[in-house]
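Only one structure is covered here, and it is reproduced in the block below.
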Amino acid sequence: MAAAFRTKLRKRIDSFLKPSTSKIDYIPLPLQDQPTASEGNQTGAEEENRVPVDPILRTSLERALVKKLDRSLMPVLFCMIILNYLDRNALPNARVQGIEKDIGLKGEEFNTAISALFIGYITLQVPSNLFLTRVRPSVYLPICMCLWGIVSASTAFVGSFHGLAMTRFLIGFLEAPFFPGALFLLSSWYTREELATRTAVLFSGNLLSGAFGGLVGASVQFGLNNVFGLRSWQWLFMLEGSATVILSLIAFFVLPDFPSTTRWLSEQERILAIERLQKSNGSSETGQRSLIAGFLMTIRDYKVWILSAIILTKTTAAAVSSFIPTLVATFEYGKIQSLLMVAPPYLFATIASLATSISSDKRGERCYHLAAPLAIGVIGFIIAAITTGLVPRYAALFLILGGVYGGFDVAIAWVSSTLPAPAEKRATALALTNMVGNTPQIFAPYLYDKRTGPRYVPAMTANAAFLFASIGFAILLRLCLVRENRKLDAGEMAEEEPVKDTEGAKLVGSFRYVL
């Protein structure tokens, strides 16, 4: 059994190291609703693999394919993102358990440690996602996960601010490939009409990690504090980091690659997976572009920067998630009660996120499904700023998390549906918007100065203003896309600007931007 495991492991590593020859999700296959003259000359095997022209049968096969993806791709990514955010947010829970006192943190050193993670996090995102278009996600992402799990577990043994800051930086650096990589992988399998719901399911893992983090923290505080001479926060880092390493080994064998290279699909399923993305994305392109070309195409598109502004302003306000345990602690309950009270607002945010995204996909609309939750978040921040009463302030946490995260998945799906092709451009756009969006996480922790507690009026006021700005950028993008759709209706949409010798993807057929 051990020999078989080593053989399979060697094959996986060899396949990862070989240059990628896949076309990601665009290959030169004729769409089956446009029969070609050569169809009459197909062999029996080709006829068996060909996607049926009959729309009813084709729809049935497509539904079966989507269900297969939902059973295989989504569960492993969902579990991976839970541990991704558990490791990232372990430090705020460790603060409640006494890490500041135990390692002698002073002044703003805790906030600096929070910021250190995001310095590493934004550094690698764009190059990593471009690299992902050339390698196997089923190998690359689990390797990154295993490494950040090891570093996270080692945080249990830091004894100073400098050691804590260094481990946080490394965790951010190693976590950077995962979230934009997972989004790119989803957009390589699901159509624009399916993406918001799947993004919401994926990101609900983040929200549930906020709930689980509090429950795990409370359990560790109750059952493991001072066991074998280790403090509860040390056990927290070791347990969560070890779970991450174990899951990374499982993901190495079950995470799929791209449609044209995934082996557990039949040839017919691979063709169907590629064709339906071509139709949804409005592109019939073939082949790969250079990574530099994909990057230049992205930064020259004004829509990328409006999307980045939406996510940047919204994510600045979302930095409050790193301080939810601190805000709950202002209610002056014990450590265990405070950690348990973190869970319900995150569970509410999970439900709000899923409901908003499902509605967005069903109605084919993004802007208003993004703006409405953000407006609710504004109300939550205002309430939190003006009162210290237990009931209204705790209710404000529900509005804040539900508002900030209720439309997050819609915003991410809007990136993929607005910039669907080519693959290199989509990968860059997803990473770039996420990178720009997380940049404020470097300075946002300093808004929560202890001297402004327990109401933290400067932070709450700034967050309300950032959400209001995000609503404005969403409306601006909608107006721009309305104009672009009018050009498409009039047949005036030209090809994108060439980048050196490479032309941009041409939008063809019935493609229209999702508003």
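For all residues, glycine too, the Cβ spot is worked out from N, Cα and C.
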Quiz prompt | 64-84, 169-189 - the range that TrEMBL marks as transmembrane segment | solution = 169-189
Self-check item: Among 113-132, 336-355, 367-388, stretch most in contact with the transmembrane segment (201-223) (C-beta, under 8 angstroms)
Solution: 336-355
Quiz item: Given pairs 6 or more apart, does the transmembrane segment (394-415) have at least three Cβ pairs under 8 Å with the transmembrane segment (304-324)?
Solution: yes
Quiz prompt | Chain residues in Cβ proximity to the transmembrane segment (113-132) (below 8 Å; excluding those fewer than six residues from its ends, i.e. six or more beyond) | solution = 88, 91-92, 105, 140, 161, 164-166, 168-177, 180-181, 184, 291, 294-295, 322, 424, 427-428, 430-432, 434-435, 438-439, 441-443, 445-446
